[in-house]
2 protein chains.
Amino acid sequence: MRRVVMKFGGSSVATTEKIKKVAEILKRRKNGMNDIVCVVSAMGDTTDELLSLAGELSKNPSRRELDMLLATGEMVSASLLAIALNEMGEKAIALNGVQAGFQTKGRHGFSKVVDVDTFRIEKELLEDKIVIVTGFQGLNSNEDFSTLGRGGSDTSAVAIASKLGVDCEIYTDVDGIYTVDPRFHKEAKKLTKVSYDEAMEMAHLGAKIIDPRSVEMAKKYGIRIYVALNSASVLGTYIGEDSVEESIISNLSVQDNILLVKKTLKDESVAELFLNLAREDVNIDIISKMDTDGKTLVRFTSVIDEKNLIEKVADDFEFVENVSKVSIIGNAMRNQSGVAARVFDLLNSNGINFHGLSTSEISISIIVDTIVKEKVMNLLIREFEL
Amino acid sequence: MRRVVMKFGGSSVATTEKIKKVAEILKRRKNGMNDIVCVVSAMGDTTDELLSLAGELSKNPSRRELDMLLATGEMVSASLLAIALNEMGEKAIALNGVQAGFQTKGRHGFSKVVDVDTFRIEKELLEDKIVIVTGFQGLNSNEDFSTLGRGGSDTSAVAIASKLGVDCEIYTDVDGIYTVDPRFHKEAKKLTKVSYDEAMEMAHLGAKIIDPRSVEMAKKYGIRIYVALNSASVLGTYIGEDSVEESIISNLSVQDNILLVKKTLKDESVAELFLNLAREDVNIDIISKMDTDGKTLVRFTSVIDEKNLIEKVADDFEFVENVSKVSIIGNAMRNQSGVAARVFDLLNSNGINFHGLSTSEISISIIVDTIVKEKVMNLLIREFEL
């Protein structure tokens, strides 16, 4: 029997009707001679509903208690899915994060998977059961429930797949990874495969497809991730060693609600500034520094949500809001020079004023006012045939 | 610090507003120099809602999966209560059945507590925390969640109290134990104390006050149970060694929906009949047998819900429905003869026709048609000044 790990997100198990459909998919795969471990998220908006209950009691609830509260969401969906499978005559068992052997460390709500002791999962697979595992959760060294943060169920699935050395299929509400978000660009092309690095860069640069931590783990253990819709009829996207052939740029991603922050100061206080920002846990992206007339102009990007935090550090920041970051990503950039030059030329010849531009090994990001975002996207789509 | 175990039922934690009120009660007790372990049930109708979700997927869901599903109910209420206490500045921690050390055995959904390893509870108490424990659940030897059945949270609370050797306070939606259900008899007297045996007999004979298993455990470990309303202002009822002084009968309880079953058969097949009924797991209460003319008339009582099961055993049973069981209970019956005679006389002189009558060491139960139930209750209330 070929083993496979399949993960279904919250929208796939939002109602008992949808849970039945997932059960049917699993039953078909099982009868197609697969040993299945299935990781599930909480039903629909359960996590938000639980958070709102906690919010009625405290503005700043203890993360340790929240994790116990939130861990119930996946226990409900997992046990219901096992019940649905039993009803169809399939042997199935639901395991929560503790039973499935997830050992975690780090802050509650943002925990990391240290290891998965797959003893129990292996045992149940050998008894020919479909093993349903709650995503998003584990037990830390205090023997307390801990959760992995948003997108954590992807990480749970990839962690099990990594330990079992098998592929991981992630079923979601998009049917694969596209060159551009199809809601913006109808002619966007679906990518049959992208490389680990591209997928990680896409996730970091705004594509809401998969948790970047899970791609990192898949890369480390050399297992493939397959992202697709529930229904097996449409082919999705593989994330693995290889990228799409013969295309420099494989994806365009966008992040809105960027906050551009400027400050003029003496050169010797720059280090202190960023130390203070780090102390407040401010999330900083692109930094640029310019020296003129003995003064230093520092400019960095963050996100709107962090404005309050930034204001704690100093009261003379200049803020620019309504800013977006448009990024293009492609493995082939590694071996191909001149992409940045092409982008510069494109923006200049079309009179686009941009706040900044940053490059990584396989991506270029352009900071622009949100008002010109779509124009920039369309220029890039045409230039790189996305 | 005096230690105490307090248990709050589902109606006491049905909403976040009610959870706040319970938190206030706990905070006051804590500041009154008590070390507190608080056992909670699931919020309001949560358990029924979870059962109904499972019911949408299967008419006969696996009890193992159901137990995982149901165990989430108390995890939600427990973590929310801890969050509410934190918000009030109290140190508190929620532990689920596994973390609280509940080891169980037996059928899923009807498990028994084998032991409570209170190591973690003791540790958290020493750190001056209010320890919130999920009722109703534990871990069995397969490392699976198991639940203790309806009323199981009482058992959880008494089990912890027994291990810690402290009193157990059970807060519910009645303000104590009465001689008669006050909804039927407004002048019913509240009992300040009842004996373990009386409380067990009351629970078995229809009084829905406390799970009889928990009284049995309290008796075994010699700890007292206090049953009362949430608010500390009204005195409740203690369950302990002693009974109420100077009263023969301390309680009248009623069970409706009794099924009276009759069958005529040959004497040698009586044993076989009851063996077959036992095989179907039929719940049988009072049995009577009469021999006439070489035939044997067997009569027993069960409950309406078991009629289908009983019909599986034979097709020539005669059923009498709309039957009730009225019972009087009192510790003093042990040392006082003539109570049964007084009851007989009372029923005869008032022309009450009864189907049967059974006595235990401290109780007398009368099987009557439901239509005369209230008349019988009123006669007994007057006769024994309840």
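Cβ coordinates come from backbone N, Cα and C, glycine included.
Remember, TrEMBL labels are computer predictions, not curated facts.
Here's what TrEMBL has on this protein:
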- A:LYS7, A:PHE8, A:GLY9, A:GLY10, A:THR172, A:ASP173, A:TYR178, A:ARG183: ATP binding site (BINDING)
- A:THR47, A:GLU74: substrate binding site (BINDING)
- A:328-386: domain 'ACT' (DOMAIN)
Site of maximum Cβ density within 10 Å, from binding-site residues A:PHE8, A:TYR178: A:PHE8
The domain 'ACT' (A:328-386), counted residue by residue under DSSP: helix, strand, coil: 30 helix, 14 strand, 15 coil
Candidate with sparsest Cβ neighbourhood (10 Å radius) among A:LYS7, A:ARG183, the listed binding-site residues: A:ARG183
Nonlocal neighbours by CB distance (under 8 Å) for A:GLY9 (ATP binding site), same chain, sequence gap 6 or more: A:SER41, A:SER153, A:ILE170, A:TYR171, A:THR172, A:ASP173
Residue among the binding-site residues A:GLU74, A:ASP173 whose Cβ has the most other Cβ atoms within 10 Å: A:GLU74
Distance [Cα-Cα, Å, rounded] between A:LYS7 (ATP binding site) and A:GLU74 (substrate binding site): 12
Neighbour tally for A:GLY10 (ATP binding site), based on other Cβ positions within 10 Å of its Cβ: 24
Local backbone state of A:ARG183 (ATP binding site), from DSSP in three classes: coil
Reported mean pLDDT - the domain 'ACT' (A:328-386): 89
Nearest-integer angstrom distance between the alpha carbons (Cα) of A:ARG183 (ATP binding site) and A:GLU74 (substrate binding site): 30
Neighbourhood of A:THR47 (substrate binding site) by C-beta distance under 8 A, where only residues 6 or more apart in the same chain count: A:GLY10, A:LEU70, A:GLY73
Rounded Cα separation (Å) that holds between A:TYR178 (ATP binding site) and A:GLU74 (substrate binding site): 29
For ATP: widest Cα to Cα gap among A:LYS7, A:PHE8, A:GLY9, A:GLY10, A:THR172, A:ASP173, A:TYR178, A:ARG183 in Å: 24
In three-state DSSP terms, the structure that A:PHE8 (ATP binding site) belongs to: strand
Distance [Cα-Cα, Å, rounded] between A:PHE8 (ATP binding site) and A:GLU74 (substrate binding site): 11
